[in-house]
Amino acid sequence: MITHLLSAADLDRSTATLVLDTATEMATVAGREVKKLPTLRGRTVVNLFYEDSTRTRTSFEVAAKRLSADVINFSAKGSSVSKGESLKDTALTLQAMGADAVVIRHSASGAPHRLARWVDGSVVNAGDGTHEHPTQALLDAYTMRSRLGTLEGLRVAIVGDVLHSRVARSNVLLLATLGAKVTLVSPPTLLPVGVGAWPCAVSYDLDAVLGDVDVVMMLRVQRERMNDSYFPSAREYARRYGLDVARAARLPEHAIVMHPGPMNRGMEIAPEVADSARATIVEQVANGVSVRMAVLYLLLGGKS
Amino acid sequence: MSSFVLTGARILGAAKTDIVITDGVVAEVAPGASAPGATRIDADGLVALPGLVDLHTHLREPGREDAETVESGSRAAALGGYTAVCAMANTDPVADTAGVVEQVYRLGRDAGLAHVQPIGAVTVGLAGERLAELGAMADSAAAVRIFSDDGHCVSDPRLMRRALEYVKAFDGVIAQHAEEPRLTAGAQMHEGEWSARLGLTGWPAVAEEAIIARDVLLAEHVGARLHICHVSTAGSVEILRWAKARGIRVTAEVTPHHLLLTDALAESYDPVFKVNPPLRTDADVAALRAALADGVVDVVATDHAPHTVEDKECEWPYARPGMLGLQTALPVVLHTMLDPALLDGGGEPGPARLDWDGVAERMSRRPARIAGLAGHGRDPAPGVPANLTLVDPAARVTVDGGEIASRSRNTPYAGRTLPGRVVATFLAGAPTVLDGKAQR
């Protein structure tokens, strides 16, 4: 197993599969009356969140607690961080407190990589800027596998603001590792220059892709993009790249619809589609806990 | 003043000879030459170069004396073989008045480790809105001839045109930091495969190339001199090649780091590799080396940019851009540009390579001419001011951040072994460096 989880590229095929298989076992815990394993008793997991993200932080917190770890939520607001303490000083503080793992969410791409140089414990990237969000990719892969049986050869369309999406970056890397075929669908302005080197296909035309996919994953469009010339208007974006009812009707019958949340209903996804049986959005949240349990277990469980 | 005789030196790599320095001037160059009471310096096999001249140095004083001072930066310069450095204007306060440029000039003179030639700001406060008093800076004791808003681009085309025209009155030159700011908002690194992968906002090559294209046309239109700072892309080289073929009076510099390092180094997210313009691709590095060899890019300039530990030991997007350069420039140029056969004495340069004369041209003579520094950039010969440096071409030095004379430690070369070691530097006949150690 690896020391840190900074990028989905840190996982080779066998390690990624081990995480998903472990998550399957962890999911059985959620069905028990006592939802707790003693595995990480005496271990300390710090949630270091520089960005507000109640859902991701809570998911990691629940995951760590179900493994009996002590959890410290070190949020940037109301702590020394908001008084201008550097990431390095915060890292040394957490180190001195004996953190076995630090789960970090940060608005700066690469912040987890910097942190990993300054702490001895494991660092888990819970989303860094516009870079990566590897546990989201793992829970997405887990969701696809549990719904559709396999990832090998699966045709996945990831639709929306790829340029600024850490979810897209991690998913492309992980899904390629696991044998799925990814197509990114986006207006050209929201694809990074250099995307040609990624292990995936690219399309500007959602309608051309939809009839031929097993999974369609809609990305959130951030409000601040809407007035920055990436596209003419929210309305035009929704018309060209939104998953509305008519488009959803043209998906193959077995195809699932995913969204990492939070959604802009009516923008990238119609409410009827988000609430339909093929949508996995609530499942993704539940699977997030199992996958994060698996990650923490595999990163920390092997150490004495 | 005292006399020195440098024995066994090889001027520009030529046969060994002895160089006599008396009263600040090279008195004689001949085997066996000497002067009564002269101090003998064993220069056996060392290559003598005219003292290096840097067109682009950030000395940080006044304002950020925690990162560098005129004195500490001059010491780093001397140790790097430099006898003259041009101090960029982006200090605090900005060097946009006669008062500030004279202050920097006097600090340099008092330190006595290198000639410090201030560069004046083009616009008041580097704000890009109205011209600074360029004439007052030119007429000051600092006799400013190079004007630059470096760190910022003079992006307003009308203001740039006026600046180019205005400085013709005193043979000035505008040194442009070519970066179209509307194309680099929030930019963190070169826009390409690595920025896509690392999720860092890209700094596209076109943001540099568009400004260079515009400015060479403006310089042609108004018949002015233009200098382009830190050229970093293959496309910029092509535009410069075209402009020079057309007879436009444009000169250009490349930094040592753009001759050696690439954007792949950002993978570590270590901000020691964050610089503006950013590190580019292998193809850009190859094009810049070829352009420096064939003269389309005229000179090497360090863009020595000291930053404190706290400004670099942080998240990449929050770090200040820039890297140290004065003490490593010559070794990097020798490593990337000098024919390897010449490092150990003898041999002919291969393709796209420089010989010692080519190194002297690009690191001393040509920058001295661009900056208008009459006493610098002259090969050691009788009657020439004794600004020179002695380099051991056989030495290999591993860069150690702790041994750097700058107040800052942000060298991107730590741990790298590079060829060549500056053994001695003479400024106006006085040694600023002997046996690799600063003399004051």
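Placed from the backbone N, Cα and C atoms, the Cβ positions cover glycine too.
Heads up, TrEMBL stuff is auto-annotated, nobody curated it.
Note that the structure is predicted; figures quoted are calculated from it, not measured.
According to TrEMBL, the protein carries these features:
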- B:47-234: domain 'Dihydroorotase catalytic' (DOMAIN)
- B:His56, B:His58, B:Asp150, B:Asp303: Zn(2+) 1 binding site (BINDING)
- B:His58, B:Leu59, B:Arg60, B:Asn90, B:Asn276, B:His307, B:Pro321, B:Gly322: substrate binding site (BINDING)
- B:Asp150, B:His177, B:His230: Zn(2+) 2 binding site (BINDING)
- B:Asp303: active site (ACT_SITE)
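Among the binding-site residues B:Leu59, B:Arg60, B:His307, B:Pro321, B:Gly322, no residue is found with its Cα located within 10 Å of the Cα of B:Asp150 (Zn(2+) 1 binding site). Note: the Cα of B:His56 (Zn(2+) 1 binding site) and the Cα of B:Gly322 (substrate binding site) are spaced 12 Å from each other. Surrounding the centroid of the Cβ atoms of B:Asp150, B:His177, B:His230, where the record places Zn(2+) 2, the chain contributes additional residues within 8 Å, namely B:His56, B:Met88, B:Ser148, B:Gly151, B:Ala175, B:Gln176, B:Ala178, B:Glu179, B:Cys229, B:Asn276, B:Pro277, B:Asp303.
Around B:His230 (Zn(2+) 2 binding site), the same-chain residues at least 6 positions away in sequence with a Cβ under 8 Å from its Cβ are B:His56, B:His177, B:Glu253, B:Val254, B:Thr255, B:His258, B:Pro277, B:Ala301, B:Asp303. Straight-line distance linking the Cα atoms of B:His58 (Zn(2+) 1 binding site) and B:Asn90 (substrate binding site), rounded to a whole number, equals 8 Å.
Annotated Zn(2+) 1 site B:His56, B:His58, B:Asp150, B:Asp303; additional same-chain residues within 8 Å of its Cβ mean position, judged by their own Cβ, are B:Thr57, B:Met88, B:Gly151, B:Cys229, B:His230, B:Ala301, B:Thr302, B:His304, B:Ala305. For the recorded site, B:Gly322 (substrate binding site), the DSSP three-state label reads coil. Annotation note: B:His56 (Zn(2+) 1 binding site) sits in a strand segment as assigned by DSSP.
The sparsest Cβ neighbourhood within 10 Å, among the listed binding-site residues (B:His56, B:Arg60, B:His177, B:His307), is found at B:His177.
The average pLDDT for the domain 'Dihydroorotase catalytic' (B:47-234) in the predicted structure is 98.
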